[in-house]
């Protein structure tokens with residue numbers, strides 16, 4: 001099956017994608033742990049269990065959802081993912097306890113696995129149809145910047161409604177993701193060639209596995225896991241050092257401002273080799289974590305998290321751009337899903353280590369130790385990846 005659509009409609013995808021990205025971000029994010037701990041009496045250990053179980057769900061679903069996108073089209077995967085994510089906030093309203101938090105996380109991250117790979121492959125296919133394939137990181141970066149501007153407004157205003165009613169931010173989050181689902185219905189999907197896809201997901205994954213890609217996926221997956229899980233105890237650390245809940249949304253908006261600025265310039269990383277980028281990547285991530293744990297000074301902690309959050313907004317775009325350019329492959333969603341599997345494994349490792357650090361050393365020292373651990377392990381893994389990259393491809 002092959003369908004060619006109007007290029008004006010394809011151009012519209014870029015603008016719609018910016019708004020889609022705004023609404024995929026949970027505008028109630030700063031209040032999830034507060035809602036579960038304060039209202040549902042969920043413990044720190046239970047939060048770690050929720051994070052670990054939701055990650056396991058992602059691991060189980062990553063390959064099948066990537067295959068669904070490649071086999072039956074990105075449209076199906078994007079609509080399923082958007083619908084599941086739309087339901088997630090309702091659990092924080094009607095079941096703000098351990099079980100509700102678990103269901104909310106499973107629906108959110110389960111839905112995210114359908115979007116992961118499919119959305120990026122959809123935008124990449126759109127750019128190919130527009131003869132702009134080389135502009136992937138530039139277009140995605142700018143779309144992310146525009147999207148973050150809207151996210152800044154939402155994440156500043158929505159958490160402030162917690163003072164009115166502790167359920168209100170989550171209801172507004174449901175409305176936001178309902179609009180996200182409506183936007184997904186408006187996307188125009190470019191050329192789709194279903195007949196060229198593999199018979200089964202195992203065959204698809206075999207075509208992309210080499211010693212080099214596995215080494216890359218392990219390193220990149222661990223760093224992505226650190227990026228995902230480091231903010232897990234951010235709001236509890238904010239409370240611990242005396243920052244009021246009402247300010248949380250504003251503080252996260254600072255990270256979005258920095259991220260919007262970064263989005264305009266991330267295409268400059270296209271000029272840096274893959275190995276050099278990942279070294280810079282690891283040093284920046286570990287440096288931010290160490291900054292967060294250096295002291296209990298509110299300004300220093302907020303700055304560390306703001307830089308960390310800003311980079312997390314654009315990092316995946318750079319990684320995907322290098323992956324898609326260095327590993328030319330027809331099964332794009334499957335390729336990106338393979339990376340996501342290693343990211344999910346990295347999530348489990350990262351949240352387990354961070355939770356253990358915090359349990360033993362409390363929040364500040366726990367984050368400092370986590371940063372040093374990331375620096376040491378990351379450097380060793382980068383050296384291994386660099387050496388393997390010099391071997392002939394098999």
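Positions of Cβ are set from backbone N, Cα and C atoms, glycine also.
All annotation found in TrEMBL is predicted automatically rather than curated by experts.
Marked as transmembrane segment by TrEMBL: 47-69 (among others).
Annotation source TrEMBL lists transmembrane segment at 76-95 (among others).
The list of residues near the transmembrane segment (101-123) in space but at least 6 beyond its ends in sequence, with Cβ under 8 angstroms from a Cβ of it, reads 13-14, 17, 20, 24, 26, 32, 36, 40, 42, 46-47, 49-51, 53-55, 57-58, 61-62, 65-66, 68-70, 74, 77-78, 80-92, 95, 136, 139-140, 187, 189, 320, 332-337, 340. According to TrEMBL, the feature transmembrane segment maps to 101-123 (among others).
Among the features that TrEMBL reports, transmembrane segment is placed at 143-164 (among others).
Per TrEMBL, transmembrane segment is recorded for 170-189 (among others).
Residues 274, 278, 281-282, 285, 289, 308, 311-312, 315-316, 319, 327, 338-339, 341-351, 374, 377-378, 381-382, 384-385, 388-389, 391, 393-394 of the same chain, all 6+ positions outside the transmembrane segment (209-227), place their C-beta atoms under 8 angstroms from a C-beta of that stretch. The feature transmembrane segment is assigned by TrEMBL to 209-227 (among others).
Here TrEMBL flags 247-265 (among others) as transmembrane segment. Nonlocal intrachain contacts for the transmembrane segment (247-265), taken as residues 6+ away from its ends with a CB within less than 8 angstroms of a stretch CB, comprise 29-31, 34, 141-146, 148-149, 151-152, 155-160, 235, 238, 302, 305-314, 317.
Long-range Cβ contacts of the transmembrane segment (277-294) within its own chain (Cβ-Cβ under 8 Å, at least 6 residues beyond either end) map to 219-220, 223, 226-227, 230, 237, 269, 300-301, 303-305, 307-308, 311, 315, 318, 322, 364-372, 374-375, 378-379, 382, 385. Residues or ranges marked as transmembrane segment by TrEMBL: 277-294 (among others).
Taken from TrEMBL, the feature transmembrane segment covers 300-318 (among others). Beyond the transmembrane segment (300-318), the same-chain residues lying 6 or more positions past its ends with a Cβ under 8 Å from any Cβ of the stretch are 137, 140-141, 144, 148, 224, 227, 230-231, 234, 237-238, 241, 243, 251-252, 254-263, 266, 269, 277, 281, 284-285, 288-289, 291-292, 294.
According to TrEMBL, the feature transmembrane segment maps to 330-355 (among others).
According to TrEMBL, the transmembrane segment annotation covers 367-388 (among others).
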Spatial neighbours of the transmembrane segment (170-189) far in sequence, C-beta under 8 Å, 6+ residues away = 3, 5-6, 9-10, 12-13, 16, 19-20, 23-24, 26-28, 31, 35, 73-75, 78-79, 82-83, 85-86, 88-90, 92-93, 122, 125, 154, 158, 161
Folded-back contacts onto the transmembrane segment (47-69), same chain, C-beta under 8 angstroms, at least six residues removed | 33, 36-37, 76-77, 80-81, 98, 101-102, 105-106, 108-110, 112-114, 116-118, 121, 200-201, 204-205, 229, 232-233, 331, 333-338, 340-341, 344-345, 347-348, 351-352, 355
Same chain, outside the transmembrane segment (143-164) by at least 6, Cβ under 8 Å from its Cβ: which residues?
-> 14, 17-22, 25, 27-31, 34, 172-173, 176, 245-246, 248-250, 252-253, 256-257, 259-264, 313-314, 317
Counting only residues 6+ away from its ends, which parts of the chain sit with a Cβ under 8 Å from the transmembrane segment (76-95)?
-> 24, 26, 28, 32, 35-36, 65, 68-69, 101, 103-105, 107-108, 110-119, 122, 167, 170-171, 173-174, 177-178, 180-181, 184-185, 187, 333
